[in-house]
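As recorded in TrEMBL, the features of this protein are as follows:
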TRANSMEM  44-65  transmembrane segment
TRANSMEM  86-105  transmembrane segment
DOMAIN    103-392  domain 'FAE'
ACT_SITE  C247  active site
ACT_SITE  H326  active site
DOMAIN    409-489  domain 'Beta-ketoacyl-[acyl-carrier-protein] synthase III C-terminal'
ACT_SITE  H410  active site
ACT_SITE  H414  active site
ACT_SITE  H443  active site
ACT_SITE  N447  active site
Amino acid sequence: MDGAGESRLGGGDGDGSVGVQIRQTRRLPDFLQSVNLKYVKLGYHYVISNLLTLCLFPLAVVISVQASQTNPDDLRHLWIHLQYNLVSIIVCSAILVFGLTVYVMTRPRPVYLVDFSCYLPPDHLKAPFARFMDHSRLTGDFQDSALEFQRKILERSGLGEDTYVPEAMHHVPPRISMAAAREEAEQVMFGALDNLFANTSINPKDIGILVVNCSLFNPTPSLSAMIVNKYKLRGNIRSYNLGGMGCSAGVIAVDLAKDMLLVHGKTYAVVVSTENITQNWYFGNNKAMLIPNCLFRVGGSAVLLSNRSSDKRRSKYKLSHVVRTHRGADDRAFRCVYQEQDDTGRTGVSLSKDLMAIAGETLKTNITTLGPLVLPISEQILFFTTLVVKKLFNGKVKPYIPDFKLAFEHFCIHAGGRAVIDELEKNLQLSPVHVEASRMTLHRFGNTSSSSIWYELAYIEAKGRMRRGNRVWQIAFGSGFKCNSAVWEALRNVKPSKNSPWEDCIDKYPVTLSY
């Protein structure tokens, strides 16, 4: 191919032969093709999203032209016609008023998120890698191969040097007892609640609903009873304690609180999410059970919800949707995160090698339900069209992955581990900035179980990225196996609350991670 992009065949010297000129087109560079495709897709989304407006505009023009040509005689004839049909007008008006009344009376009450708080442990509970490994070695419970395995997991985990473990684990040997576990639970729950009540100026006696979730520590009296006793909550409070539901239980707790707020008017609900490490550290050598030791760290959150219309002005978010997916009927999914004893009788939580595959399948089911609720109609058409083509014509057609970036501005992916975040970033085609909150939360606080999605939301606020109308997708995974989603809409430009867990370190983030 020459510089002109064309070649010539045949004679051009008057010998009577026919000259044929072929113009060869150059292939556009890959980046230009991607740019063109991007703009085509944006144009498609714009047209479909504004299809109703584009269709109604010509109709509005026609009506305007007709109205401009109307004279007083036409208006007089219309008035006479309406007078003879007065009964019909009254009946139609009554039906319209009745319909509007029924709609207003039966529509669900909006649920507002007034504020939330995340617990920030004291500095003396920090567990740098070197101290973590030294204490593990000094316990005398781990073989050399188990210690080396934990070291490698720590280095590749995405955790930083400033995560926290409970007080009992800082002693050699660890001081594991019921009293120590209670102390950890009290420090986390009361620390988050004290800050929440201080920031919102809420009288604890005004709280009508309390939901607490903690998967592995469920003493008697319950954790919810401990909170009632500490803050002297009222005697008719509706309290619930969720146990054994894994890292996705925070969204389940929000869903339960939402359902209660829809039934009981003009009240507050508090949701407390935490996990307890003290009595659930594994001291054996089964590698599948050692991974939680390396990932799980101290943390907890407290969320204040309200159904009072007067609280809308001061609230941060409004709850839009909660979608829950449970695959417990599948034996493989049921056992992929499983608390059991090893061959030596030591209890721990075992993580299956199938965990990521099961998480992907569960996420697919969850977003199939969530998609129609949040995606623009343009994405739904593409997804449905691809599905029909795949079913009817060619089973090998690659399924269309909806672009959830068109539905959400922010993503809070459960910081369960680097692999979880990597997998969702890839499958949902997210950019690094969309998973930044999750990666930085994992680095700064580790896997704090069901409260991790709130540390992530606090990170987005601390960065000043939350604007009025922005939508947030919280995605959590948990044993069972479950995938749960919560969707929030910002009611204003949200600033971080006082004593945010990121207050003293947000300027250091994001950090560059090396695995």
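Positions of Cβ are set from backbone N, Cα and C atoms, glycine also.
Note that TrEMBL annotation is computational and uncurated.
Non-local contacts of C247 (active site) by the CB criterion (under 8 A, 6+ apart in sequence, same chain) comprise S215, E275, H414, G416, N447, S449, S450, S452, A476, F477, G478, S479. This prediction places the mean pLDDT of the domain 'Beta-ketoacyl-[acyl-carrier-protein] synthase III C-terminal' (409-489) at 96. Taking H, G and I as helix, E and B as strand and the rest as coil, DSSP gives the domain 'Beta-ketoacyl-[acyl-carrier-protein] synthase III C-terminal' (409-489) the counts 34 helix, 21 strand, 26 coil. With a 10 A radius on its CB, N447 (active site) counts 25 other CB atoms from all the protein chains. Cα of H410 (active site) to Cα of H443 (active site): a distance of 19 Å.
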